[in-house]
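Engineer: Got these off Swiss-Prot a minute ago, pasting:
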- Asp467: active site, proton acceptor (ACT_SITE)
- Leu349, Gly350, Lys351, Gly352, Gly353, Phe354, Gly355, Glu356, Val357, Lys371: ATP binding site (BINDING)
- 343-616: domain 'Protein kinase' (DOMAIN)
- Asn56: N-linked glycosylation site (CARBOHYD)
- Asn124: N-linked glycosylation site (CARBOHYD)
- Asn181: N-linked glycosylation site (CARBOHYD)
- Asn204: N-linked glycosylation site (CARBOHYD)
- Asn225: N-linked glycosylation site (CARBOHYD)
- 24-258: region 'Legume-lectin like' (REGION)
- 1-22: signal peptide (SIGNAL)
- 310-616: topological domain 'Cytoplasmic' (TOPO_DOM)
- 289-309: transmembrane segment (TRANSMEM)
Amino acid sequence: MAWGLFQILMISFFHLIKLSSQQETSFVYETFRSQENLYLDGSATVLPNGLLQLTNASDHQMAHVFYKDSIELSSSKPLSFSTHFVCALVPQPGVEGGHGMAFVVSPSMDFSHAESTRYLGIFNVSKNGSPSSNVLAVELDTIWNPDFEDIDHNHVGIDVNSPLSVGTASASYYSDIKGKNESINLLSGHPIQVWVDYEDNMLNVSMAPREVQKPSRPLLSQHINLSDIYPNRRLFVGFSAATGTAISYQYVLSWSFSTSRGSLQRFDISRLPEVPHPRAEHKNLSPLFIDLLGFLAIMGLCTLTGMYFFKRGKYAEITEEWENEFGAHRFSYKSLYKATKGFHKDGFLGKGGFGEVYRGKLLLSREKAVKRMSHDGDQGLKQFVAEVVSMRCLKHRNLVPLLGYCRRKHEFLLVSDYMTNGSLDEHLFDDQKPVLSWPQRLVIIKGIASALCYLHTGADQVVLHRDIKASNIMLDAEFNGRLGDFGMASFHDHGGISDSTCAVGTIGYMAPEILYMGASTRTDVYAFGVFMVEVTCGRRPVEPQLQLEKQILIEWVPESRPTMEQVILYLNQNLPLPDFSPYTVGISNHSSVLIDAASLVASRSWSAASSATNSP
């Protein structure tokens, strides 16, 4: 019996030794002269000085480098790992820089299905965000892509099965000497150290310049359970990079990795291989050509100087302190000028009370709408700031999403998503547009009601729009209503009182009490009621060409005006309509029943919606 027990103990002991050896992986590459246990594909290659080059001067390419031995996940022991590598991203001369690179953890070394450019050779369109991707990546991204909600063009992100990062931060490091974060330019061409540590389901990412030790504080910390990402428990680690039309050279100088806690091998930073910096090629020229070039240079100096000052004035921008407070994304005027082809008439979408709107296409993004606002002294600046504030604070599916802004001399520019179907008033009053069906009108009204309810009760502050009308409502590809144009908006704290005493708005939509009581949520509700009648009747609030008694669609409104929460309940038929008489005692003793009339018109219209498939 004793001998049998001894055999069992010995077998268990050797099994544990074997299991431990399977789970622990550790290696270091001070240079990559020896490619032992490395898998390279795509444009990846090792230069004579031992530098691992991922991408070169070719466009639309991918590169992958993986350590060939896999890491086995144990069901009994949580995975932990640490890696330290030094990389350098070098743009071509005269080019802002291409796409970045990433440290990758994957169950496979086969990325033939991946795409280049913004997908970094890791992801693709068809499986973007799919759990079956089974990929964890720490990206060093040098292209701003709003489709992936990138914060800027110089950031670090943690990606799980998608290029839409679960955690992101601008490239920087914590300086223990200065006690604050110092920024890092990923495209500086200088070596950058990166540390990735995973333990107890927490992923920490740190970075620092070549000469700085590992910071005491990580740049990014994200809770991630790798067991949820990798069901087959067999992993490979390595790097991926890609180029598009824009190109950068991406290099890895040294790399150390370990799954054993505290056993990450160090390499000598002072002995790193030199990073090459591409220069423009020059051919041998004869003295005659040299003299000719000198003459042309002198002749062109004045022209170039003039062009410089002309372009400097053309694209000059203004920056003020309030912009840093709101932290919204700022576009360069040059990028917007090029996106709209110089605000060409072919991209002109329309003109409103505060400026013209143009269609434009920014680099690597969908079409955008660029509003070029009119300048009118302090009032114009207030309208511009109001929209910038709304861009930072307000997020709702029925609001036009503002993406950024620009200010240049006396011009204010706002960038938003391009709404495919234009503004609502075009579909109501333009004979060239298809007539909206009753179901479409109902969806639009309910969407704007939801947006207005959010502005009044759901945002951090009470937001008074103060200019609700059909021309300020845009329609997306599915004909959902999106409320926009916050140039007249005002903000105040919940429970507070608005200081908006000026009577602003559009005639026909303005509540009568606004002249002596100022704006409030009730005046927004009045404008919404007029808008609702306008949509259901297909008639403008004011028609000057009609007989005097028929010019104004709605003249007065009852004092018992509902809140936006009640309006939504009415629209969803979750609350019975109030029983108003045709006229009630109210302002000037002539208060007609707007919400009753609007609801009556809407109810009769909507009751036919189930059978109405054609235009109303």
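Placed from the backbone N, Cα and C atoms, the Cβ positions cover glycine too.
Structural setting of the listed features?
Structural biologist: Cβ neighbour count for Asp467 (active site, proton acceptor) (all protein chains, 10 Å cutoff from its Cβ): 23.
Same-chain residues at least 6 positions away in sequence with a Cβ under 8 Å from that of Leu349 (ATP binding site) are, in sequence order, Val357, Tyr358, Arg359, Ala369, Gly422.
Across all of the domain 'Protein kinase' (343-616), the predicted model scores a mean pLDDT of 76.
Taken residue by residue with DSSP, Asn56 (N-linked glycosylation site) is part of neither helix nor strand, so it is coil. Asn56 (N-linked glycosylation site) counts 16 other C-beta atoms within 10 Å of its own C-beta, drawing on all protein chains shown.
The Cβ of Asn124 (N-linked glycosylation site) lies under 8 Å from the Cβ of His113, Ala114, Glu115, each of these being in the same chain and 6 or more residues away along the sequence.
Look at Asn181 (N-linked glycosylation site): DSSP puts it in a strand. Sequence-distant contacts of Asn181 (N-linked glycosylation site), defined as residues of its own chain at least six apart whose C-beta falls under 8 angstroms from its C-beta, comprise Ser172, Tyr173, Tyr174, Ser175.
Here Asn204 (N-linked glycosylation site) comes close to Trp195, Val196, Asp197, Tyr198, Pro218, Leu220, Ser221: these same-chain residues lie at least six apart in sequence, with C-beta atoms under 8 angstroms from its C-beta.
With a cut-off of 8 Å between CB atoms and residues at least 6 apart in sequence, the same chain places Asn201 near Asn225 (N-linked glycosylation site), listed in sequence order.
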Engineer: Counting Cβ neighbours within 10 Å across all chains shown, tell me which of the binding-site residues Lys351, Val357 comes out on top.
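Structural biologist: Ranked by Cβ atoms within 10 Å, first place goes to Val357.
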Engineer: Distance between Gly355 (ATP binding site) and Asn56 (N-linked glycosylation site) at the Cα atoms, whole Å?
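Structural biologist: Checking the Cα atoms of Gly355 (ATP binding site) and Asn56 (N-linked glycosylation site) gives a distance of 45 Å.
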